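Accompanying notes for the structure given below.
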């Protein structure tokens, strides 16, 4: 087969790509040749010391030695458990534990799915700039976009509150991690779980079953910090739901949320194979009302203690 | 089966009942019977010392070896082949086109061919010796590099060949030319079928004399006449008796069946996809201190880098069914041998050449996940494949080998084909007056490139066994003679075939998916590769290379 | 065909030699003489009608008759003989290569050799000699009728062995007429695994030697009479279950030491002889026959000697 000149040019480009220097994709701004060990090799093989750290693979990348990584994992695990509002520690824990195997597996799952591949090609980011909340609020009720916007409003957060990925070495895997983090709020929107500890834990269990990232599993340790009644609810209702559905449903990481903004939530859930979870908010509201009713009844009974026999309070919890 | 076109014996002039015996009378009534009667009294089968059925490389090499040695050149030999050997001898091909069936000849095979004087008839401009083989695994980042560099450096010797890529047709033609040079063309029964193999007859007469061929194989031969327009009745048939019948007739060997030798094995449920490729070598990308484990095999501090003629590459792809190998040929060509599932083979064959180029380049560089995905893309859109390849290359680290595999730029038209892969081994190589060589004896997975070499080694061993028998007055077909050949080759052949099979099995483990088990097995293989390549066991790699070569 | 008078004269010579040895026992080679005494005693008790002192032992004949049918079974009782045969050719080749040049020019002007194989059995050696390109003819004789039948039957199964290259005769050495002219005599006289089955080896050799032309070779194999040989060839080889040869094949008393043979050729054999070559061979299970130097004193060995005049 004769090689045409234009093809020849393409081949020259290809061979330049295949040279040891590995330029980054168009989206990334850095493009430099490597002078030492390729940072793409798994961390286990890299042998650099903190004195000669290799250059970063993407903006914000911090290459870590093995010891540093271990220290980060342990430290962030402890801090996350004691102070669950330290979201940067939670993020660090996630990154420290995802390498080398789990984030690669997640990336491979994206690469095996046509939509996932498109996401990896297009590299969409979810920021307040790319997600116009005003537009989303104007979407019809029960659409993914509307629910997402309502969610953010209710919880008082914006898309920008997600920490950037720093400790994942492979540039593409770093994007996968970033994407997972940014889509977390969408997961809330689609499952309906609230952002309290209970809801978060439930969602983390779902994500563990769905993505396999270790950090999501480790987060279940936060169950110890729940009140006994909450814990009971967790074990009886939410955990079974989370594991069953997370396992069965399609990969959430492969959902191109930007394209699903106008889809009906129930229809999307159907497509993904997720059953609607019990509404935690409604449950807690009902419980609160019951408790209030019980309390009122007790007080009333106390006041009427001398006059009439108190009617036994019916609890409908 | 067509009978000989012989004239019946002339009958006596008088036809009185008294003059004609009962048999003759019957013969006159039935012309068919007459011919058989006639043939039986005028033709005892012609007796040959060595009859080889099959004109492939193994059979031709045996004939050449017998004829080129003064000890055995006097033996009456015959080689029977269904194809037209004359046409095979005329085979020629332009310099920029190569047959898609090419084999890696090990140094011992080449030295055997040199000893028998056949190698110089093999067109040297069409063979490619290579000094190095890079092997790596897609499931991990281990690599293995086969070369004699360590030996060469130690002994200050020129680089030694690992193997020589030769087209099968080039080899066959070289062997045929050598046979002609030795004046042994008369031994070739070209365009001839073996119509039957039976045991001979015991022609005992009243005195107890007469030749007893009841333990001799007798072959019925049918030669296809040159002009096909004639009727089938004009086929010429003869019978020959063989002191030693050699089965070099391939996978479904009729000789093996005649000898009652069973052949066991299994199908790999894989196809070997072959093609001739045009390649462009990637400029030397070795850079100082890059592979920090230091197992790349490149010595940064040597005074002169060893000149390397060519390199062969093999990448194991457990999830896709088997390894892909790129073997070098002259003039920037290369031979592709890709063992993969039948579905993948069909897909590859349905692609346009551009698509095939993209897939082959992808198979050498991209991750197995990407490859699995690309196999699901529609075959009619080669541009999609190309763009996928480019995109993924940007996010894939280059192969961890000391020398990068070349970029494939084209596929020779019509050269992409596939054949099923099987493992077979005969339960024994010998039977009274029968010996098996080549594919009739064993069929192996192509991943180690050993198939043809085993056949040539069989031929060499059998030729030397025959020479020993001649100098010691032994009957060539005697079990005591064949024992020597069988015990020499059976163990070695089985070991090689079994070893290749075990290697294939090892590299197919964990092919099911991406999971923990696959990863674990990948690491185990990586450790194994490191042990062999990294010199943890001194001399192990050299031993492996010597065994394979 | 030799005339009866010739036979009688050779027989008389045998009688004379054995009578002489009886009268004056020699110091050397007591073994060869002692059995000769036994032979003569047997002679005297034989019927007067039998006029020839036979070299053939009836017990041996009957033993080999029983083995006849399995002679050519490669995994049968004769397997060891089949395995040894190629080594015989190697030894013959080494002897012929060391031929004294002066004499061998006479013997071997045509470049091909004629053989007389005495005690050929089923023809293992004789047929292999006939196949060699360097062989002109092979005459093979054996007194046991059944084994000659087996040999002839085997001859029919191979066109390369057809007459006149190979001929089998059922007779003893004394019955074979000696050619009158030297060039009709044979180049190589072979006695493989024969001497240890002969009651009177010296008289036997004296009958055989006249068939050999000057410059020709006597080459054979036999077993040394040693304790090791007793152990290996009687105790182990003929053992009931594990044995590799049938019981009764060998009589240890008939084994011959190389020194005895050498003595015979140096002192008593008619004519002058060259160097006495020997080569020990040992059979090892799995490995087969192995040439082992200096083992001729205590096991199987090949011997070869050239007739100079």
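From the backbone N, Cα and C atoms, a Cβ is placed for every residue, glycine too.
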Inset, instruction - With C:88, C:142, C:192 listed by TrEMBL as binding S-adenosyl-L-methionine, identify the candidate in C:111, C:119 belonging to that site. - result: C:119
Legend entry - Residues C:88, C:119, C:142, C:192 [recorded S-adenosyl-L-methionine binders]: greatest CA to CA distance in Å: 19
Inset, instruction - Give the three-state DSSP assignment (helix, strand or coil) for residue C:193 (Mg(2+) binding site). - result: coil
Legend entry - Inter-residue C-alpha distance, residue C:196 (Mg(2+) binding site) and residue C:142 (S-adenosyl-L-methionine binding site) (nearest angstrom): 15
Inset, instruction - For residue C:142 (S-adenosyl-L-methionine binding site), list the number of other Cβ atoms lying within 10 Å of its Cβ atom. - result: 27
Legend entry - Which same-chain residues, if any, lie at least 6 apart from residue C:197 (Mg(2+) binding site) yet have Cβ under 8 Å of it: C:57, C:60, C:119, C:251, C:254
Legend entry - Position of peak Cβ density within 10 Å, selected from the binding-site residues C:88, C:192: C:88
Inset, instruction - Taking the Cβ of residue C:193 (Mg(2+) binding site) as the reference point, list residues of the same chain whose Cβ is under 8 angstroms away and which are at least six residues distant in sequence. - result: C:81, C:119, C:121, C:221, C:222
Inset, instruction - Let me know how many other Cβ atoms fall within 10 Å of the Cβ of residue C:196 (Mg(2+) binding site). - result: 23
